[in-house]
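Quick look at what TrEMBL annotates:
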- 6-27: transmembrane segment (TRANSMEM)
- 39-59: transmembrane segment (TRANSMEM)
- 79-105: transmembrane segment (TRANSMEM)
- 165-185: transmembrane segment (TRANSMEM)
- 212-235: transmembrane segment (TRANSMEM)
- 262-282: transmembrane segment (TRANSMEM)
- 288-311: transmembrane segment (TRANSMEM)
- 323-345: transmembrane segment (TRANSMEM)
Amino acid sequence: TLFAYVFGGNATVIGIVFLILIGIILSTGKYIYSTVEHFSKGIIMIGVPAIVILTFFLADVSQAGELLQGLMGKGNGYWFLPVGIPLASFLAAFAFSGAAGNLNLAQSSYIREKGYGMGKYMDKVKSLFSGQKQHIDLEGYTFDPTVENMDRFSGWWKQVNKEHFLVFFLTGVITVLLLILLSYATTFGTAGNAQGIQFVINEAIAIGKGTFPLMGTFFALLMGIMLFSTQFTVLDSTSRIISENYAATKLGKKISHPLSRYYYIFLWVQIAFGIIVFLFGFTEPLTLLIISAVLNAFCMFVHIALVNVLNIKELPKEIQASLWRKIILLISFLFFGIFSALTLWDKVF
């Protein structure tokens with residue numbers, strides 16, 4: 001829809017073309033993770049500075065102060081949640097924040113692909129057209145908790161934490177807060193404010209009026225590219241999760257699998273499904289997004305519990321999560337469990 005707004009044309013056709021383009025990019029890169037990583041880095045290097053500049057130019061100090069109050073839970077006449085907000089919509093937004101919940105399950109695959117830690121000894125998923133037959137062992141490798149190995153593990157763990165804090169947490173938080181402030185400064189209180197993707201288009205129009213028209217067009221294009229990047233990453237991650245689970249469930253972990261073949265089968269099946277959704281006229285399926293996000297939140301409730309069980313029962317004590325991490329996992333487990341139950345109750349009863 002955003003690309004149709006910028007360049008003209010049919011949103012359905014553009015959406016289908018972009019889905020096929022994602023499939024081609026993921027199918028032709030030498031190593032899948034490298035393709036995804038380089039693409040994402042480019043988007044971040046262009047997108048984040050542009051959002052920072054626009055926000056500082058269009059927002060004022062009083063609006064920034066209201067943002068800080070909102071972070072403390074104080075809204076305009078309410079605390080924490082506005083009166084009448086649909087629980088399903090709130091849970092959907094929360095579940096789709098950050099790494100979108102279940103995409104956390106792809107982290108082990110990315111560790112293998114990047115060669116982090118014991119992933120150094122495992123194969124990467126190669127291109128569909130590499131011409132090489134590839135079988136990947138899903139069971140992985142471990143190490144004895146000797147003093148030397150634990151020193152290496154501690155060094156690796158510190159590096160991973162630094163990277164995730166800077167790239168995922170800090171960059172993510174700053175970007176989200178700036179986008180909130182920018183939307184508040186440009187469109188809050190506007191008569192006839194739209195929902196969904198039309199809201200972003202209205203924001204682009206407001207930015208064009210507040211600066212110059214070309215800047216509004218650039219913002220709409222940037223948001224379109226960032227959403228394309230998100231879908232790009234989502235299709236890669238879900239294909240990894242589904243293919244590895246299929247291989248482990250169908251054939252077992254202790255034998256090697258043609259994982260690249262499974263990956264591309266599930267990738268193109270998802271793309272085909274997306275094309276069918278577009279052909280049925282869902283150019284902006286907000287209802288489908290909310291349903292999938294609520295299901296995602298419930299799945300997070302389950303997989304957080306399983307991660308905790310894995311931590312306690314399967315990992316050596318020396319490399320188990322620390323107490324404060326276990327507390328955060330417990331809080332997350334309770335949060336998603338309670339809100340999933342409340343959402344179900346709200347819809348059924």
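Each residue, glycine too, has its Cβ placed from N, Cα and C.
Bear in mind that TrEMBL entries carry predicted annotations, made automatically and left uncurated.
The model shown is predicted, which means the values in this text are computed figures rather than measured ones.
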Given 39-59, 165-185, 262-282, 323-345, the one sharing the most C-beta pairs under 8 Å with the transmembrane segment (6-27) is 262-282
With the cut-off at Cβ under 8 Å and a gap of six or more residues from its ends, the chain residues touching the transmembrane segment (39-59) are 25, 171, 174-175, 178-179, 181-182, 184-186, 207, 210-211, 215, 218-219, 222, 225-226, 229, 232-233
